[in-house]
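Following: one structure in structure tokens, then a few remarks.
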Amino acid sequence: LLITTYSGTKSCGISESSCLNLCIKNLGAKQEINAVSIFLCKDTCVCASRESLKMEPLAVTLLPGEERVIDKDIMYICPFSGPVKGKVFITNYRLYFKSDPSVTLNVPLGAIGRVEKMGGASSRGENSYGLDITCKDMRNLRFALKQEGHSRRDIFDILFRYAFPLSHGLLLFAYLSQEKYEENGWSVYKPMDEFRRQGLPTDKWRITFINDNYELCDTYPTILVVPFKATEEDLRKVSTFRSRGRIPVLSWIHRENQAVICRCSQPLVGMSGKRNKDDERYLDVIREANGTAKLTIYDARPSVNAVANKATGGGYEGDDTYQNAELVFLDIHNIHVMRESLKKLKDIVYPNVEESHWLSSLESTHWLEHIKLVLSGAIQVADKISGGNSVVVHCSDGWDRTAQLTSLAMLMLDSHYRTLRGFQVLLEKEWISFGHKFASRIGHGDKNHADQDRSPIFVQFIDCVWQMTKQFPTAFEFNERLLMTILDHLFSCRFGTFLYNCESARDTNELRSKTVSLWSLVNSDSTSYLNPFYTPESSRVLYPVASMRHLELWVTYYIRWNPRIRQQQQSPVEQRYIELLALRDEYLKKLEELQLTDSSPNSSHLSNSSAPNAASPTQHITHLHTPF
């Protein structure tokens, strides 16, 4: 029997709303008498467990909207220092572990991909009974408990419920968060503003609202740029011949030579080799828009896969039907290959790095080989555009490899996307608004860890961006911390930015009005994400070297949970540079104070009495401004 008042907290420390959620399965009855609620629960109810009645002060500051659910004494099987006794705290957002020798874990529940019971009541051996947790961010956690009285039942049930809220009819934490920021991150990307920045519309390209109600394509954004000559009826006809209705639309236009990057999905050719005159004519109109001799169609897939897709109604643009186009296959493998590749990489870096055969082990994962192929494909796209030739990019459905290629090519071609805010616009535009299936690829709040739709496509893209920042350390305004923050919150479900598969689903779930954007966090503390070496160069096109000799494993991300690696993360050169910048700011502040002192009435008499040819303090100060 638990008695609670509407002041909001029971003696066990759990808020009333959480208690209702937790007890829903075990609830025997509920009566309300004035300001008192009486919960009559079965013995298995977590609220009645002794552990939850003894909640201790939490060692970490809770986020607004975050609520504690349970505490428990537990043994953490640390893969680096062995078993450690401590206490685990679970909230509706995170798992937090703290031990007396300072071992701490702070894991957003959204980063948990799998929770399993380890051992049974009859298991023998020390620490053989407990929980095994697989995370999406390249780490695993193991906890051991005493083998008595079903000691893990309550924590397993709670963890399973809150790590996978959608599988239990609960809301993702982003909808519960009460965080407030100075900036509204949802205002970062405004499609019309971005198209105007690119110089659109023109006499060859127009903006259409045909998809305003997602009727043309339910996975595309509402505002699209299409050839001026193409009518709305033409667009409808073309959509019937493209997978998922994802017609070729403009992503980016070169201001000088007017060459464009268009993106779409595969044509529905099928085994019988179907043709669609409207689709053929439409691609020719794209070619004519800037007088390109031959339109280059980059198919991200290996040719074997593209041919195989005919069996399921897909296919590619044949030379015989698309006569003013050339087709280039980029040999980038599908989502299943990428998923297995990252699994292999995790096996050799966590918990311990495979030291004895490191190079051959890394090669066997093929991860860097896939990175090379993606970068190489984007370089080809950027090079064609620089040469004045328009391109169309697609894979199967146009939301995985296509997004990688278009966004990386745009990053190489357009320096605006290499700024802190420009990069946010690039992600919002090419990934979020154009329907990369974040919910399916990441599995937010979903317990089905074996879902074949899961794949690290976006992680792979961010890795490619990191490779570019290593090769061009002064070309990007943002730093590595931004990239890691993006990946952390790709999984965390703290922000609404990466939730759902497409804009139509976000609108249905009122995402922008009910959740906070990741860019609110970033832009409210933008100095933390700036690269001190950044040098703006507006017209420079970046061509990274996409060879295995020049690509590196992103150690500070993939192996960051290893304490030995973590100690080496800070670059000494960058650290010293930041210190010098801080010193410069300190000196400039002192100089400003001197200027203010010099301009005060008391100091004017002194300056008037000085020699007429003496240099003023301001003249001296100008020489102290060092151009960093």
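Cβ coordinates are placed from backbone N, Cα and C, and glycine is handled just like the others.
Feature annotations, reproduced from TrEMBL:
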ACT_SITE  CYS395  active site, phosphocysteine intermediate
BINDING   ASN334, ILE335, CYS395, SER396, ASP397, GLY398, TRP399, ASP400, ARG401  substrate binding site
COMPBIAS  599-617  compositional bias 'Low complexity'
DOMAIN    185-558  domain 'Myotubularin phosphatase'
DOMAIN    365-411  domain 'Tyrosine specific protein phosphatases'
REGION    598-628  region 'Disordered'
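Shown on the structure are the features that TrEMBL records.
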residue: ASN334; record: substrate binding site; contacts (Cβ under 8 Å, 6+ apart): ARG301, ASN305, SER396
residue: CYS395; record: active site, phosphocysteine intermediate; contacts (Cβ under 8 Å, 6+ apart): SER265, GLN266, ASP299, ALA300, ARG301, ILE332, ARG401, THR402
residue: ASP397; record: substrate binding site; contacts (Cβ under 8 Å, 6+ apart): SER243, ARG244, ARG246, SER265, GLN266
residue: TRP399; record: substrate binding site; contacts (Cβ under 8 Å, 6+ apart): THR219, ARG246, SER265, PHE434, GLY435, HIS436, LYS437
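ARG401 (substrate binding site) counts 29 other C-beta atoms within 10 Å of its own C-beta, drawing on all protein chains shown. Cβ atoms within 8 Å of the centroid of the Cβ atoms of ASN334, ILE335, CYS395, SER396, ASP397, GLY398, TRP399, ASP400, ARG401 (the substrate site) belong to the same-chain residues ALA300, THR402, ILE457, site residues excluded. In this record, substrate is bound by ASN334, ILE335, CYS395, SER396, ASP397, GLY398, TRP399, ASP400, ARG401; the longest C-alpha to C-alpha distance in that set is 12 Å.
Across the range of the domain 'Tyrosine specific protein phosphatases' (365-411), the DSSP-based residue counts are 32 helix, 4 strand, 11 coil. Predicted-model confidence for the domain 'Tyrosine specific protein phosphatases' (365-411) is 98, expressed as mean pLDDT.
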